[in-house]
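What TrEMBL lists as transmembrane segment is 7-24, 30-48, 69-90, 102-123, 135-155, 167-190, 202-221, 227-250, 279-299.
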Amino acid sequence: MKLFRILDPFTLTLITVVLLASFFPAEGGFVPVVEGITTAAIALLFFMHGAKLSREAIIAGGSHWRLHLWVMCSTFVLFPVLGVLFAWWAPVNVDPMLYSGFLYLCILPATVQSAIAFTSLAGGNVAAAVCSASASSLLGIFLSPLLVGLVMNIHGAQGSLEEVGKIMLQLLLPFVLGHLSRPWIGNWVARNKKWIAKTDQTSILLVVYSAFSEAVVNGIWHKVGWGSLLFIVVVSLILLAIVIAINVFVARKCGFNKADEITIVFCGSKKSLANGIPMANILFPTSVLGMMVLPLMIFHQIQLMVCAVWRGATNARPRSYRRSRKAAPRKLKAGVSGAAPVASAPRF
């Protein structure tokens, strides 16, 4: 029972879909149908991401440039450097695609919803979290495909600069169209956040089913045993611990207050499952897609669990420790879309 309390409902659904694809993979004439539905779902997902992005929220928190600069460095510089070093070192003899999967994980943007949620629950600077997480998600559409082409090719992984145009068309175009449509659909999106969240999750589940169906047909579970799964868990924990430790060190050395330190930790140490799986579906061949996203899927759950523990430890600290955090603003101005603190645990 404790396991079901730790795992959020979406993660349990994700595991169920992986099992479904393992026993009942899409084969034959069903494959084009699944791929067509998946492509449409991804376009809808990024259209809605664009429609949800509030320029007012970004402007409201954008003045804290030092914090945002470091969060971007942590996401798009620190993580990739660690990923490259790890892939170059390759300390354990496992399938090379797992190393490529970790490298891909390291170049993804940060999450939006869960980063803001944990920042709010831990008493961090929510306005800055909204700005940093939104900016990271937006920049990731441009930077992540470029990093795939530049960084992963150096290490002989899949992906190339030719895929950048493809991902710009399939992800960026719907995103831009969604954002441009905000004047007409913005209020509807704000009123139907639960439905939008379900759309996001359904899109991810479709990609996971499609990816693992192909992977099962190609024998993924003959290549990935319990030893490989343990390897992914251990590496994910080590990677996350290093990034959090560096973020805390930099935040304190640069003189950030406690609220900003919390924001830096939660926004600078997360990787987006919502962006990562659809991007992988476009960037990589279906024959290797399951192996490429497996580290991301496991890292996603580990980052939520570790951040939940960190948030609990932060809230358990002495009152005198927490008082110093009140100097930083914790709420955005009234009327700013998406600025309210999230009161429940994130789903992805």
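Cβ from N, Cα, C; glycine included.
Because the structure is a prediction, the values reported are computed rather than measured.
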Chain residues outside the transmembrane segment (279-299) and at least six past its termini with a C-beta under 8 angstroms from it: 14, 18, 38, 42, 95, 97-98, 100-102, 104-105, 108, 144-145, 148, 158-159, 163, 166-167, 170-171, 207-208, 210-212, 214-216, 218, 220, 223-224, 229, 232-233, 235-236, 239-240, 271, 273
Intrachain residues whose Cβ lies under 8 Å of the transmembrane segment (30-48), provided they are six or more past its termini: 141, 170-172, 174-175, 177-178, 189, 196, 199-200, 202-204, 206-207, 209-210, 213-214, 274, 278, 281-282
